[in-house]
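Novice: Structure provided below as structure tokens; questions to follow.
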Amino acid sequence: MTQMLHSLLRAVGLPVPEGLANPSLAMVSCDSRSVAQGCLFLGLPGEQVDGGSFWRQALAAGAEAAVIGPAAAALQPPGPTDAVVVVPEPVAAWVGQLAAAFWQQPSSRFALIGVTGTNGKTTTTHLIEHLSVAVGRSTALFGTLVNRWPNYSVPATHTTAFADRLQAQLAQAVEAGAELGVMEVSSHALEQQRVAGCRFAGAVFTNLTQDHLDYHCSMEAYFEAKAQLFAPPLLESGSAKAVVNIDSPWGARLAQRLGDTCWRSSLAEGVLQQADAELKMTELTMSSDGVQGRLISPCGEGWFDSPLMGRFNLMNLLQAVGVLLQQGLPLPLLLKAIADFRGVPGRMERVLIPAADATQVPTVLVDYAHTPDGLENALKASRPFTSKNLCCVFGCGGDRDRGKRSQMAAIAARLADRVVVTSDNPRTEDPQQILADVVAGIPEGTTCTVEVDRAVAIALAIAEAAPGDVVLVAGKGHEDYQILGTSKVHFDDREEAERALKQRLDG
């Protein structure tokens, strides 16, 4: 695929500077280290460094031209003969639009659904992918764990990729035959305009609870970042194309803003039941084997049977079905396909030992819960697995929102019978100080152990748990690394739990 530079600029409404050459472009890149001949360098401002300031290096490496912002131009002023286009603020929005235009607007060539919220994004996107494929739609998934579409699958490096890579992935998925795509859209991606240039056919708001306040500074700013997904130019205007969880106060606020352009989803019952919810569930029966019930929608209602655990997964199910109904998929086939979805790695995942007698060891669950709301949901979902004791192993990440540390500790103390506080990803913070911040939220009288070494903490919890107890290891889920300082070292909660279970059986 090639495009002429002048045509590309005009396609997004940018003027062509006088005297600018008009080379043929074969690629676009935001990384000056990966440019080659035929490349348009897109200088993206970053949190620490303005990528546009590397335009000279990009041109020296073979880039045909560079697009930069006013700040980069002030740092490294281009001369009249340089192949540089200076765009106005917001630079990131122009970068996204240029990348989308280069790849011929891939998001407009299939039905792209965006999912945002503090918790539930990964499970909901995987559910949407599973259900869509089950009813015969060729589907692409872009998310925290993996990016995949027909005949292609690669582990993801970001929840939402940067614009140059994201638009290339969308184009590849469309060329591979994907008819529908589903994307996790983080608040960082929305605030940094990584999805600028995307056109979403549908959107889901899962919930909003405290997280990332080190970045957004306030819940109001966090909410407004998420809300960008539900308005033009990202979400197509017209009939209802969004599904919003109104059991979340922030979701109720968003739904009020959207009016008839969204379907409201709710699990509230009795006097709390949301009469105006288009999507709801009734006659629910939950057990350690999963959940059964009736799903009600504007397209009809029917029975479903799911092996997923926890009430929070019911909202994930409800919203996944709802947004696919908005895209015209049939309710009976969607309900049938729910039974075959076994979950997502690192989300309430049970650690099992082959050939082991389950009655001789505790039940061990690994979950990604790393926010107050997420930890509360995971603990409540774990409780039905035991009539005995529930142990919670968790920590809090360094260099991140400190306000949630004591909140998570209080939740663990309230809902678990025993708490083991340990390290998560300490990053550049003192691990002992993080532990002190967490322990400050644990009431006196709580059975609590503090162990800075996460592997030792997991082993200790499993060794001391009785058969029939449940040990919930929370915080890292699918992650196979731990961030110590500025380095990543291999670490997997599931591997450590399996090792501890084997050691227990071996005596």
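For all residues, glycine too, the Cβ spot is worked out from N, Cα and C.
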Novice: If I go by Swiss-Prot, which of R383, R400, R504 binds meso-2,6-diaminopimelate at the same site as D424, N425, P426, R427, G475, E479?
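Specialist: So, going by the record in Swiss-Prot, that would be R400.
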Novice: Roughly how many Å separate the Cα of P426 (meso-2,6-diaminopimelate binding site) from that of T123 (ATP binding site), to the nearest whole number?
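Specialist: Between the Cα atoms of P426 (meso-2,6-diaminopimelate binding site) and T123 (ATP binding site), the distance comes to 26 Å.
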Novice: Given the ATP site residues G117, T118, N119, G120, K121, T122, T123, which other residues of that chain have a Cβ within 8 Å of the mean position of their Cβ atoms, reported in sequence order?
Specialist: V115, T124, T206, N207, N316
Novice: Find, for the listed recorded positions K121, K226, R400, R427, the residue with the lowest Cβ contact count at a 10 Å cut-off, counting only other Cβ atoms.
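Specialist: Among the recorded positions K121, K226, R400, R427, the lowest count of other Cβ atoms within 10 Å belongs to R427.
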Novice: Can you tell me the CA-to-CA distance separating T122 (ATP binding site) and E479 (meso-2,6-diaminopimelate binding site), as a whole number of Å?
Specialist: 13
Novice: What's the longest C-alpha separation between any two of R400, D424, N425, P426, R427, G475, E479, the listed meso-2,6-diaminopimelate-binding residues, in angstrom?
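Specialist: Looking at R400, D424, N425, P426, R427, G475, E479 as a set, their Cα atoms extend up to 17 Å apart.
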Novice: Just to be sure I understand: of G117, T118, K121, T123, D424, E479, which binding-site residues have a C-alpha no more than 10 angstroms from the C-alpha of K226 (N6-carboxylysine)?
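Specialist: Cα within 10 Å of K226 (N6-carboxylysine): G117, T118.
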